[in-house]
Amino acid sequence: MTASAQKNIRNFSIVAHIDHGKSTLADRLIQITGGLTEREMTDQVLDSMDIERERGITIKAQTVRLSYKAKDGETYILNLIDTPGHVDFAYEVNRSLAAVEGSLLVVDASQGVEAQTLANVYQAIDNNHDIVPVLNKVDLPAAEPEKVKAQIEDVIGLDASDAIGISAKTGLNVDQVLEAIVTRLPPPMGDRAAPLKALLVDSWYDTYLGVVVLVRIIDGVLKKGQRIKMMGSGAVNDVDRVGVFTPKMVAMAELGPGEIGFLTGSIKEVADTRVGDTITEDKRPCADMLPGFKPAQPVVFCGLFPVDAAQFEDLRAAMGKLRLNDASFSYEMETSAALGFGFRCGFLGLLHLEIIQERLEREFNLDLIATAPSVIYEIQMTDGSVIDLHNPADMPDVVKIEEIREPWIRATILTPDEYLGSVLKLCQDRRGTQIELTYVGARAMVTYDLPLNEVVFDFYDRLKSISKGYASFDYQITEYRAGDLVKMSILVNSEPVDALSMLVHRARADARGRVMCEKLKDLIPQHLFNIPIQAAIGAKIIARETIKALRKDVTAKCYGGDISRKRKLLDKQKEGKKKMRQFGKVEIPQEAFIAALKMDE
């Protein structure tokens, strides 16, 4: 590839909130530049998983190389990386943005700027991108392009006077977007003669090719037959083939600086290829790694158990397969007295958890129970050591604990001002501290510090329901803070049920315990003896409900007569119940677990 060709490359990504038309715009760009024939076009070409299409979200970063003949007569190569828009995948977004020089900021002309647009745009600005604002859906009757332009200038501080108004659905003005990419975004820098240095953008498992790695070449050349080394994980592999996506896989002889493409080789484990890692040549390595690489850290943990114990091995195999494709998902085996064998899994966030669970159920036909999600707590022991607690059931003895620290987040919430009151109340209820409140037109932007523990449960759902779906929410984990946290156990018939124990803040323990007991009272069927259901902190019972016994009317056969006759029969029944209670076992049905773990307060 000659130097002249390098100046004709443009690498860009599309930044947008969920549902603002990012994937549809990508479809149009592919169609106009002739990347796929009419027959091969499906809606949302780049969202390859069914779940991605159904939920209308992009989970894995995808890439496509388009060739475009511009108005100046030259042919340009455009590399688009389609990034996820959701906060759980913020790290993937960051790495995708690091692989390109510019972004299209797509904003829905009827909705305006949302919280995740903000989060991703700030990441693009941090990566020194040139940004071209694009207003989508201008053909809608509710579109207010001028108002949204003003909003982009107020909230983000970008000059939106030359924003392009388009409709990705009908294809209106999309050709202007292509021209803007060529004229307003810079070509990539890079030295062809330098040692190979490439950014690993993403990787996934392909049944035929093994692990496919998506790379952006910074310096040097990547050819087949080379021996490459991942600097972060230290793995060394031989390259079998290199190529690009147009979105179909097309093999190439080599990839030069500034190009984005894929490589396959003797790589067996996706876990060896970490997003954000630097790839270099084994014999002639580059001097230093690209900045910003950090292995994905799971944030939310929960137990996944098969409803039918016979499916345990299938679940293990399915998790192994998913792990091939998604290295940010981690799991280890665990057993629970109530639920049998299963796995303790770590996720990037709640959406990630839902998606993994849904993929396990859908792609592998498994029935699963998920225990209540929890976060990682740091426990400072009295002997000076610090341990990480993933599962509330494993909490050490209270006497040995100096303090418990929990993760806190900095949340940014954008909401129409009529819902502001309810949003503030929700954050206060969740032990939040308000940091700032600013107005952007008719919308309020609130920044709160909140404990992650309060957010993983159902914060997002509550936020959406109190704001009729208009509020949007984004967060970063900031620090660990000491908190007054206690372990709440649930006892059924005086036996602790491990799957239902949780760490809660002392101030909220009473309410949580009461809700849990009331719930279980309705869910556990009656037995022939009384069943107490208790919530306890240590030895102190904080809430109790009793499931009354089923009993036979033993005095029915006595007509009139002496009271002592009835008394004798009743006492005999009482003795039997007492004995039964001593030896009786309470079976908790699976539905009870599932419902009790869905805490809709």
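The backbone N, Cα and C atoms fix where each Cβ goes, glycine too.
Listed features, source Swiss-Prot:
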DOMAIN    7-189  domain 'tr-type G'
BINDING   Asp19, His20, Gly21, Lys22, Ser23, Thr24, Asn136, Lys137, Val138, Asp139  GTP binding site
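Asn136 (GTP binding site) is surrounded by 28 other CB atoms, counting those within 10 A of its CB over all protein chains shown.
Most Cβ neighbours within 10 Å among the binding-site residues Asp19, Val138: this distinction goes to Val138. DSSP classifies Gly21 (GTP binding site) as coil under the three-state reduction. When other Cβ atoms within 10 Å of the Cβ of Ser23 (GTP binding site) are tallied across all protein chains shown, the result is 24. Other Cβ atoms within 10 Å of the Cβ of Gly21 (GTP binding site) number 23 in total over all chains.
For the GTP site, whose binding residues are given in the record as Asp19, His20, Gly21, Lys22, Ser23, Thr24, Asn136, Lys137, Val138, Asp139, the maximum C-alpha distance rounds to 18 Å. Per-residue pLDDT, averaged along the domain 'tr-type G' (7-189), amounts to 77 for this model.
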